[in-house]
Amino acid sequence: LLQSGWHSRLAGLKTLLFNVSRAVTRDVLITFSPKEGPSRLNSTEKGKAGKIHFPREIFQSLGSQTVRVVVTVLNIQQLGMFKEVNQTGQVLDNTVVGITVGESSISGLQEPVQITFPHGELPQVSAVPALTAAPGPLAGQAGGWRSRGCVTQPGDKGTVCSCDHLTFFTLLLNPALDGSTARALLAVATAGCGVAMAFSIFTMAFCIFVRCRFRLEETVRTNLGLHLNLVGSLLLLNLAFLLNTGLAGRASPSTCRVLGGLTHYCLLCCFTWMALEGCQLYLLFVKVLGTYIHHYLAKLCLLGWGFPALVVGVAGALGSYGEYSIQTMDHQAIAHLCWITSKYLLVHYITNCGYFGLIFLFNMAVFGVVTHKSCSLQGTGAVQGHRKPWKVALVAAGLFCLLGATWALAFLTYGISSAAVLYLFTILNSLQGLFIFIWLVVLYYPKTKESTGSLSYIIKHDKTTTASQD
C-alpha cells in the first residue's frame, strides 16, 4: 500500500517522497539520521537511527485515495536556516525534521505522530530536553520554536516526541554551562569548602565549650546538641566533596561507587538535620506544653544519622552510584564526580530534590509560625525589660534562611540566568559555616542568666501565659 518514492540528497538537505494509500491497514514507520537522511528501510546504523511513526488514522481520515508524504531532514548549520533571534537553546545535532502529508495543514490529531530523536548521554548540566515545533510565520508575526502540541519523553538512547500536528520538528536543549564558568564554579566551591570546614570546626568547638563550661537549661543544651550535629554533617559534606573532586576520574569503579554513596549520605544528613531543627523550633514555639521525651537527643541522632544511611543503602543496592561527568554542550567533559549516575536520575529527583523540597516547605511554615508568635509576644510588651528579644526571631531566621533558603537556590539554576544563580548558590553555601559560627556566637555567648539563649525566656513566658489563660 506504500508506493515507491524518491530521494533528494543535497548538501544539508535530504528528502524522501512517497505515496500512501488511504486503505493502508498498518502504521507507517520511517527512519532517519543526520547523515543518511530519511528512509523507508532501516539502512542507517543500528541503534542510532531516528524514527517517525505515522498512525494509519492520519491517512484514513483524508479524502483522496492516495496521499503524498514528504519527509525532510535538514542540517540547519549548513543551510543557515531556522535561526531564531535571541535563541538560548541549541538544536540537537543541528537537525530539523519536516513532515508534510497531503496538500493541507494537519493539526489536532487524536493519534499523535511520534518522532524519536536518537542521542547518547546528554550534557548533565543542561535541563531536560524539550521538543519544540516551528510553525510557519503568520502575517505580521515572526516564526519561532514552540512546544505547544508536543509531549516529550526523554530516554537514555533517545527522546520520543508525540505531536498532534505536522510541521518542522527538532530537539532543543536548554543552554549548558561553558567550560570556563564551570571551572570557575568548581574553584569557588573547592575554596569555599575549605573555609566552611574551618568554621565548622570552630563552631563545633564553641558548642562543646558552652555545653561543658556553663550550667544551661535542658532546652538550651538540646538546642546546642542539634546545632552541633547539623554543623558536623556540614563538615562531613564539605570533606566528602573535597575527596570526591580530588579522587573522581582516577578512582576505580568500586571506589567511586563508595565515594558517591558517601557524598550522597552526607548531603542527606544535612537535609535531615535541617528538618530536625525545624521540628525542634515547632515543638518549642508551638507545642510549648509538650511532654518529656526520654533520651530525646539520642533519638534525634538515631534519626538524623540513621535514616540517610537507610536511603543510601537502598540506592546503593539499586546500583545508583558511579562516575558522573559534567559536560559542555559539545559533550566535552569538564569535571568528573562520583555521584548518582545519569541512568538513575529518578533517584536524584526523589531523594534530593523531592526530599529537600518537602523540608524547605515545612521549615518555611515553621518560620512563619515562629515569626508571628515572636511578634505577637513582643507586641504585648511581655518581653520588655529583657535583653534583645529580637533574638527569638533571629533563631528562626538563622535556621531557616542560612540552613534552608541558600539550598533552595538550586531550584533556580535553570534558564538564561542559571550561571548567576549558580555563583550565588555556590558562594552562599560555601560561606554557610562562617554564617552559622557568627550566628551561634551572637546567640549563645554567655551573658545574663536569663538571656543565655534568649529563646528559653520566651518559651517559659509562653508556658506561663498559656497556663494562666487556662
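Each Cβ is built from the backbone N, Cα and C atoms, and glycine gets one as well.
For 30-179, the entry in TrEMBL reads domain 'GAIN-B'. Per TrEMBL, transmembrane segment is recorded for 184-212, 224-242, 262-285, 297-321, 349-371, 392-414, 420-445. The feature domain 'G-protein coupled receptors family 2 profile 2' is assigned by TrEMBL to 189-444.
Within its own chain, the transmembrane segment (262-285) has Cβ neighbours under 8 Å at 219, 222-223, 226-227, 229-230, 233-234, 236-237, 239-241, 243-244, 300, 303-305, 307-309, 311-312, 315, 321, 337-340, 351-352, 355-356, 359, 362-363, 366, 369-370, 373-374, 395-396, 399-400, 403-404, 407, 455, 458-459, 462, counting only residues six or more beyond its boundaries.
If you take every residue in the domain 'G-protein coupled receptors family 2 profile 2' (189-444) and average the pLDDT, you get 82. Here the transmembrane segment (184-212) has Cβ contacts under 8 Å with residues 177, 221, 224-225, 227-228, 231-232, 234-235, 238-239, 241-242, 245, 334-335, 422-423, 426-427, 429-434, 436-437, 440-441, 444, 446 of the same chain, all six or more residues outside its ends.
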